[in-house]
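Look at TrEMBL and you will find 124-227 tagged as domain 'Mur ligase N-terminal catalytic'. Summarising the annotation, TrEMBL assigns domain 'Mur ligase central' to 232-342. Summarising the annotation, TrEMBL assigns domain 'Mur ligase C-terminal' to 463-595.
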Amino acid sequence: MIFKKNVGSLSPLGLDFGAQGKNNQITSLSRFPGKTNTVLHRIETPAMSVADSCCFRGNFHDEVKTHFHLLKSKSPLWRQNILFQKCIFAWEEKRRISLLATRATKREQECKLNLKYQKQKEWIHFVGVGGSGLSALALLAVKHGFEVSGSDLTWTSFMDGLQQAGVRLHVGHSVSNIQSKNGSRFPNAVVVSSAIPQDNVEILHAKSIGVPVYKRDFWLAKLTEHHKLIAVSGSHGKSTTAGLLAYVLKSMGDDLTAVVGAHVPQFPGGNIIWGDGQHFVLEADEYDGCFLGLSPYIAVITNVDWEHVDIFQDEEAVKTLYRRLLKKIRMGGHLIICGDSLGAYSLLDYTREGTKPEHSIGTMSIPSSDIDGYDVTTYGISSTNEWHASSICPNSQGGSDYVLCHRGQPLAEISLQIPGVHNVLNSVAVIATVMALLHDQRPTRELISSLKLHLSNFIGLSRRFELIGEIHGCHIYDDYAHHPTEVYVVLQAARQRFPFKRLLVVFQPHTYSRLAVFKDDFAVALSYADYIVVTAVYSVRESGAWNVSGKDLAASIIGPPSEYIPALEDVVDKLALEISKDPLREIVILTLGAGDINTVGPKLLHELRKRLCKAKSKH
């Protein structure tokens, strides 16, 4: 059977049925069962889309199955041949049953990834569950109703909360982690951290037995696809900004969901908030291009700097990735970007050939080439930003006070408990985001008043200038800073809070690659302390083949005295000995790094209490 169209041309899928709304005329040439003569028909058929078009080739019966709806409505033979009708009716019923079965199978497959409305107790296994990012996803999976397990090389503090939530945890990677005791049951899916190599034994085994393996970016995309996503990204400050934003929105009555890559003491779920509202606040990580699977309604970019040197060749490579994120913002959405960050603001200068003329956002001129379809708001300390902070000064809580301005006009006085100019910037980012999100739902004055209240009540994140304890004149703090920019701003925050105390820093370099690239920058940033101890490099992903060590960093610091003590236990012993000699000396000890340096503060505090108590009992 051959169908010929009298107008138009062939498309890749067959005939071009585009007739500008008019009916198409199709000529059919066919032989019917029981007929020896050739019958020529002209069939008037409605205009069809490209999706409906196809090549009309093959034997007659196949063609009848595909195009019976045309023949049934238009062909005279439909009314003349009873046998033909019965064949059509029989096939139509068979086709109907087949379609129902196909739809049921499709619904069953979709159910496996329907994370929001999970009814069945399916099993999800997380590889690298001890990290800040994957631990949050595992906890959220528990809230969604999944059975959850996970594994990591070592036990981390994030795993404590997972264990309390009922997650089955394993230290070390093994095939046995992804199968039941009798080997008869396997996970429905395996989710993998970006830091886990693809030759991991659990990943390989899962793939070999047909268990789907998903990277973190895919899982995040599935989690957030039906929400109004606020993705908070940036080389530095995204954890605090995301945590502060989620805390403020929750305090304002928003039933949101949030995932933050750090423990937030004011979150009931540690590093997540579980809600049923449409808003989803996510700390969107650039590592391994993880945020590129997202489709944010609002994207927040705190700054752009060269970080993750094991992934990005230089700062331009980082910018290229962030430009791709800008293209993911939904139509009608919003970009909140720090105008004080040269790296971030340069994203708006990116143009292509044939771009449109520049247009103005606030008081800043921004090219429209890559921001068509969404609004842009800048924030910062400079008055050229739409939202900015002025008259910044320390307050009695150890944080900062400042005047919030919009387009140069002062609106309110804001007070923070968290110290440092970097946290002033983080708070202004939150204000700009909330105003973009809710400005059409509440009056501006009401929103600003509510923001002022809740910003002042936020106490910060764990491992972000976190107080470990005090004993006599010694104050011990811990911070996650592991990049020169972060080290610098946290030392400035420490100076702001304790302007007259001696500042002793214990720094643990994180990864050889980062130390090799930024050794001189680290030396400059650390020189703002009064005394520096550098430990051995913490690196679980790299070897020492980079020909650099913590000793090299300690030797390169100019100004304040520094020394290299590789083992953390020896650091505790030395500091405990020195401090116990003069326990009333006013000193601030700040441990810095993204590894296990956070164990030093609690151990030192315990040792000092033990020694001072023993010394007191002797007297």
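Glycine too: its Cβ is placed from the backbone N, Cα and C atoms.
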Task = With DSSP as the reference, give the number of residues of the domain 'Mur ligase C-terminal' (463-595) in helix, strand and coil.
result = 50 helix, 33 strand, 50 coil
Task = Could you give me the DSSP helix, strand and coil counts for the domain 'Mur ligase N-terminal catalytic' (124-227)?
result = 40 helix, 21 strand, 43 coil
Query = What is the number of residues in the domain 'Mur ligase central' (232-342) that are helix, strand and coil, as DSSP sees it?
reply = 34 helix, 22 strand, 55 coil
